[in-house]
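*Asks:* Below are the structure tokens for one structure; questions will follow.
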Amino acid sequence: MKEKIKLTEEEWKKKLTPEEYHILREKGTERPFSGKYVDNKKKGKYVCAACGNELFDSDDKFDSGTGWPSFTKTSDKGSVEENEDLAYGMVRTEVLCSKCGGHLGHVFDDGPKPTGKRYCMNSASLKFEDK
Ligand code: FE
């Protein structure tokens, strides 16, 4: 069990940029092809922009063509939590950081083999760390 981070919304506002706050805390979505990691092909890991929790590895990143950084799996089973999201008249699975509860994006079942998963993430929710 990971240690949880609990901050008030005021504290998050101070810690995050307005864009990060909107996506991570208000469940926003960045415009496709606008994020800084869409075409990032460097080797390294992606951690939560809010709390540093390790989320994804560059080895699992693939070019989904959607305009958002996409991964076939998380780097560790316990790194994210999933929630049914019924917003905007769609049934989707929201992906949240397991440590701080920040909104990261959604996961879909149309990813490449072997997992068949497509973790569709917001660049603003992630921080890349070079290997
Ligand atoms: Fe986090």
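Any Cβ shown, glycine's included, is placed from N, Cα and C.
So TrEMBL lists the following for this protein:
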DOMAIN    9-131  domain 'MsrB'
BINDING   Cys48, Cys51, Cys97, Cys100  Zn(2+) binding site
ACT_SITE  Cys120  active site, nucleophile
*Asks:* For Cys97 (Zn(2+) binding site) and Cys120 (active site, nucleophile), determine the Cα separation and express it in whole Å.
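*Replies:* Distance (Cα to Cα, whole Å): 14 Å.
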*Asks:* Indicate the candidate from Cys48, Cys97, Cys100 with the smallest number of other Cβ atoms within 10 Å of its Cβ, considering only these binding-site residues.
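*Replies:* The binding-site residues Cys48, Cys97, Cys100 were compared, and Cys100 has the fewest Cβ atoms within 10 Å.
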*Asks:* List the helix, strand and coil residue totals of the domain 'MsrB' (9-131) as derived from DSSP.
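*Replies:* Helix (H, G, I), strand (E, B), coil: 28 helix, 40 strand, 55 coil.
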*Asks:* Test of understanding: give the count of other CB atoms lying within 10 angstroms of the CB of Cys120 (active site, nucleophile).
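*Replies:* Here the count is 23.
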*Asks:* Taking only the Cα atoms, work out how far Cys120 (active site, nucleophile) lies from Cys100 (Zn(2+) binding site), in Å, as a whole number.
*Replies:* 19
*Asks:* Which residues, in sequence order, are found in the same chain with Cβ within 8 Å of the centroid defined by the Cβ atoms of Cys48, Cys51, Cys97, Cys100 at the Zn(2+) site, excluding those residues themselves?
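*Replies:* Residues close to the Zn(2+) site, other than Cys48, Cys51, Cys97, Cys100: Ile5, Leu24, Ala49, Ala50, Gly52, Asn53, Ser98, Lys99, Gly101, Gly102.
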